[in-house]
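Under the heading domain 'Major facilitator superfamily (MFS) profile', TrEMBL lists 30-545. Summarising the annotation, TrEMBL assigns transmembrane segment to 30-55, 67-87, 99-117, 123-145, 157-179, 185-207, 278-299, 314-337, 344-364, 452-478, 490-511, 517-541.
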Amino acid sequence: MVEGGPVKADKTEFTECWKISSKNPYIMKLAFAAGIGGLLFGYDTGVISGALLYIKEDFEEVDKSTFLQELIVSTCVAGAIIGAALGGYANDRIGRRKTIMVADVLFFLGSIIMAIAPVPAVIIIGRVLVGLGVGMASMTAPLYISEASPAKIRGAMVSTNGLLITGGQFLSYLINLAFTKAPGTWRWMLGVAGLPALIQFMLMWSLPESPRWLYRENHVHEAKEILEKLYPEEEVEREIQALRESVESEREMEESIGKDMYSKLKGAFTDKVVRRGLYAGITVQVAQQFVGINTVMYYSPTIVQFAGFASKSVALALSLITSGLNAVGSIISMMVVDKYGRRRLMIISMIGIISCLIVLAIVFRQASLGAPGIDFVDTKHFGSNVTCPSYLENFHKPKWGCTQCLKAECAFCANAADKIKPGACLIDDKAMRDECKAEHRVLYEEGCPSKIGFLAVLLLGLYIISYSPGMGTAPWIVNSEIYPLRYRGVGGGIAAVANWTSNLLVSLTFLTMTQTLTVAGAFLMFAAISFIMLVAIFFFVPETKGLQFEEVEKLLRDGFKPGFIKAKAGDQGKGKAPA
């Protein structure tokens, strides 16, 4: 093991988690109730990818504007940035439980507004409200679970939040498929999201506040009552003693730095321990997004269409596979995160991610080079008035084919007998789409027919399997463990803002990147960024597996030594850490 810990971490396994929680179901009840915030996070991540296909059908201005599509997707993320910042303040001010309940109200209101939206602008307003709720929940739920879990199974319990995130994504694709033939399609897809928010609000109403927050606010008796429900009798006093020491240390610190948010922010960046925690916490949160995961989650059906699958229902069905694998990866994470550690899983995960992104870039490049050409006679068959204007100007050029046709914002009507054969390049409007389909052909608007498109779908699955057990869940676990109690709310808030800001940059630019760099170029860029983030994780992120919060604080104060697999016990705590 690493890496600078004052004591060796227990080799807790997934079975230990189930052993403890089966004896004490109250622990699992708290974890799953708070984890519904992760379900909301995951559902919104996945549902917009399918809903966007049908929003484009209802609103011509959305169909014709890449920027408007990106805006509908990313305004939720922009709201989440603000929500994460507010969540950091609310966690310290009103507590973890009430913050989650506020998030539920925002999510419910946003879902209803989107469902009844008459114009795209109202959809965007609803997306902002949902984003506020998701941002607050994204950093509060793992914090609540972490503070209400015994240390030796804390990683597995926080992973339930990650499992519910991926479960929410999987559920969103199922809902998308269920409503593809229903009147109102996307309205049902977006509106149903209010249901889990309502359920969580009612559950949290009956659950207690985090024992750590209660103790900090001088509700010592209430905190002890909750700890007695969470820990065996012989461990309660030890936990109370650890809390007492931590809170006393915090109060001493507040006397010197102040209690208001500005003072805490200033103190966070001037305190060596917190600053080192932020190096680690921000690094893993930014890395989680810059590997490009939400290009897959937000635009999965569109990427499947890029790979040559034109049908919306087929694209949604294939996207269901990737979201299902994401959920499987979260279960794997729960099984191994407390045995092998957070840092090791993230490093292995990043290596797999980089490999998949490079091969994906190669596959999309080869698919583009092998795209079918344009048949002049077949195109004129539909009439010169519907022929793509750019094709009429360039039809004599030998390289003009399906790829160039789509780049010109036209559509490719595939040959009826063989989709890989040359077809027609036509203007892209509703009348033309209907005319192409009337001849029992397939219209391609996002990607060209390809013999190797199925490889892209397989590689997307491998990418998800590489991502989910490590980078999918470990960053949230690290951020629930890495900060001293006095800075846990503000530290988690800063890291969550970094996560959502990175998410916004990725989601707001992906479609534009595919147009300027091609799909292959976009994935290659993510591979390069992922390599840089892998190096950053190696040098900045210590192992926190099995450590008490107070032990993590000591680890950061003493410094840690980067190591790929493990450091010798005698070397722990001697390595240099960033100042």
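Cβ from N, Cα, C; glycine included.
Per-residue pLDDT, averaged over the domain 'Major facilitator superfamily (MFS) profile' (30-545), rounds to 84.
Comparing 67-87, 185-207, 278-299, 314-337 for CB pairs under 8 angstroms to the transmembrane segment (517-541), the maximum falls on 278-299. Ranked by the number of CB pairs under 8 Å to the transmembrane segment (67-87), the listed stretches 30-55, 314-337, 344-364 are led by 30-55.
Of the recorded ranges 99-117, 157-179, 344-364, 452-478, the transmembrane segment (278-299) has the largest number of C-beta contacts under 8 angstroms with 452-478.
Only residues 6 or more beyond the boundaries of the transmembrane segment (99-117), in the same chain, are considered here, and those with a CB under 8 A from a CB of the stretch are 34, 37, 40, 44, 83, 87, 90-91, 123, 125-134, 136-137, 140-141, 144, 187-188, 190-194, 197-198, 200-201, 204-205.
For the transmembrane segment (157-179), the most Cβ-contacting stretch among 30-55, 185-207, 344-364, 452-478 is 30-55 (pairs under 8 Å).
Sequence-distant neighbours of the transmembrane segment (452-478) (same chain, 6+ residues past either end, Cβ-Cβ under 8 Å): 142, 146, 154-155, 158-159, 161-163, 165-166, 280-281, 284-285, 287-288, 291, 293, 296, 300, 303-304, 306-309, 318, 321-322, 325-330, 332-334, 336-337, 342-343, 345-350, 352-353, 355-357, 359-360, 363-364, 366-367, 370, 499, 541, 544. When Cβ-Cβ distances below 8 Å are used as the criterion, the transmembrane segment (344-364) is approached by residues 284, 287, 291-292, 306-307, 333, 336-337, 452, 455-456, 459-460, 462-463, 465-467, 469-472, 474-475, 518-521, 523-524, 526-527, 530-531, 533-534, 537-538, 541, 543, 564-565 of the same chain, each at least six residues removed from its ends.
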